[in-house]
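> The following block contains the structure, expressed as structure tokens.
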Amino acid sequence: MADVVVGIQWGDEGKGKIVDRIAKDYDFVVRYQGGHNAGHTIVHKGVKHSLHLMPSGVLYPKCKNIISSAVVVSVKDLCEEISAFEDLENRLFISDRAHVILPYHAKKDAFKEKSQNIGTTKKGIGPCYEDKMARSGIRMGDLLDDKILEEKLNAHFKAIEPFKKAYDLGENYEKDLMGYFKTYAPKICPFIKDTTSMLIEANQKGEKILLEGAQGTLLDIDLGTYPFVTSSNTTSASACVSTGLNPKAINEVIGITKAYSTRVGNGPFPSEDTTPMGDHLRTKGVEFGTTTKRPRRCGWLDLVALKYACALNGCTQLALMKLDVLDGIDAIKVCVAYERKGERLEAFPSDLKDCTPIYQTFKGWEKSVGVRKLDDLEPNAREYIRFIEKEVGVKIGLISTSPEREDTIFL
């Protein structure tokens, strides 16, 4: 059976800590979408690890880690991540169906961002998915056969010729790209496998599989705050499509949310707090992007968005992260509905334009940091947790009270 860990906000919810905390109980941890535009930060024994492509199970020697087919892979960046770990043989597997991000994709991404101003990371994620949908992409499995790779690259060179100047690819792009693959392909190829068959077999044997999403539900290309979204499907349903596991294989869906809200880049954010309180949340929560180091926009918990995300993903339980960031705040707000043109909205609309938050205010608490038992939380903190559970209709199974792995309350 497989369990899914999925972000139910705009990403950066703390999925990495949760996966790291529970990965020891699984045979496989699988990253199922996105690229190196995402980042997980894990603190293990006082050491901070920043992962962008590697599944969060790499810190457990007995855990097998898979990068599955809907992930887009920068071979250069993955090689750099691999070099930081030892003994990955028979512990890391990359789907032969996953698509390769080319340097051209990053150049195109940067070019388009100048006019679109979506707030992308300019890592080439979107353009790589574009080539995938156009059926002209290069897949990881192509790196295993020099002849096939050469054919695919020649087709790529022909296709991008009219755009070389606009995308600032340089006169030696073809030669440089050939050298790029000669440098990195030998380091990556030993890890490339048919992970679809591997996971189907593991599921049939009853092995435990943890499916790890990137970004968050509200950035989903179809169901998120379009056009300010990522280029992949970020919901739990994508886990089945990417891995080849059928929906019957899914057991638990764990939705990850912070005790407040954050967003990176442009796009609507009804509960954003642009007063000094927003700055306080950013500073105390260390809200800066793992990948880009950009400061995250911060605000109050949005229950309209949270209920929507829980319904989309079929969440069976929630993990409430960074409760300790709210320590010491006298009045804590929660967005319980939106108002738009005089109308109260309790359902999440396809367009958040002109939506303003309707808040309910709660009394704060002094300290929750480091608490590991529910009964040790102050009454106001417990009331806040109970309110979220009641409004969303999904039980909270886990609460994080610091970045440390052990500072976790299990319910």
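Easy rule for this one: first residue shown is 1, then count along the chain.
Glycine residues also receive a Cβ, built from the backbone N, Cα and C atoms like all the rest.
Annotations per Swiss-Prot:
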BINDING   11-17, 39-41, ARG296, 322-324, 400-402  GTP binding site
ACT_SITE  ASP12  active site, proton acceptor
BINDING   ASP12, GLU13, GLY14, LYS15, ASN37, ALA38, GLY39, HIS40, THR121, ARG135, GLN215, THR230, ARG294  IMP binding site
BINDING   ASP12, GLY39  Mg(2+) binding site
ACT_SITE  HIS40  active site, proton donor
BINDING   THR290, THR291, THR292, LYS293, ARG294, PRO295, ARG296  substrate binding site
> Per DSSP, LYS17 (GTP binding site) is which: helix, strand or coil?
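Where LYS17 (GTP binding site) sits, the three-state DSSP reduction gives helix.
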> What does DSSP say about ARG294 (IMP binding site): helix, strand or coil?
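In the DSSP reduction, ARG294 (IMP binding site) maps to coil.
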> Starting from each candidate's C-beta and looking 10 angstroms out, tell me which of the recorded positions HIS40, ARG294, ARG296 has the most other C-beta atoms.
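When each Cβ's neighbours within 10 Å are tallied, HIS40 leads.
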> Of these binding-site residues, ASN37, THR121, GLN215, THR292, which scores lowest on Cβ atoms within 10 Å?
THR292
> What recorded positions among ASP12, LYS17, THR292, LYS293 are found with a C-alpha within 10 angstroms of that of HIS40 (active site, proton donor)?
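Final answer, ordered: ASP12, LYS17.
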> Anything within 10 Å of GLY11 (GTP binding site)? Look among the binding-site residues ASN37, THR121, GLN215, THR292, ARG294, PRO295, comparing CA atoms, and list what you find.
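Matched binding-site residues: GLN215, sequence order.
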> Rounded to an integer, what is the Cα-Cα distance in Å between ASN37 (IMP binding site) and THR292 (substrate binding site)?
8
> Going by C-alpha positions, which of the recorded positions (ASP12, GLY14, LYS17) is nearest ARG294 (IMP binding site)?
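Out of the listed candidates, the nearest Cα belongs to ASP12.
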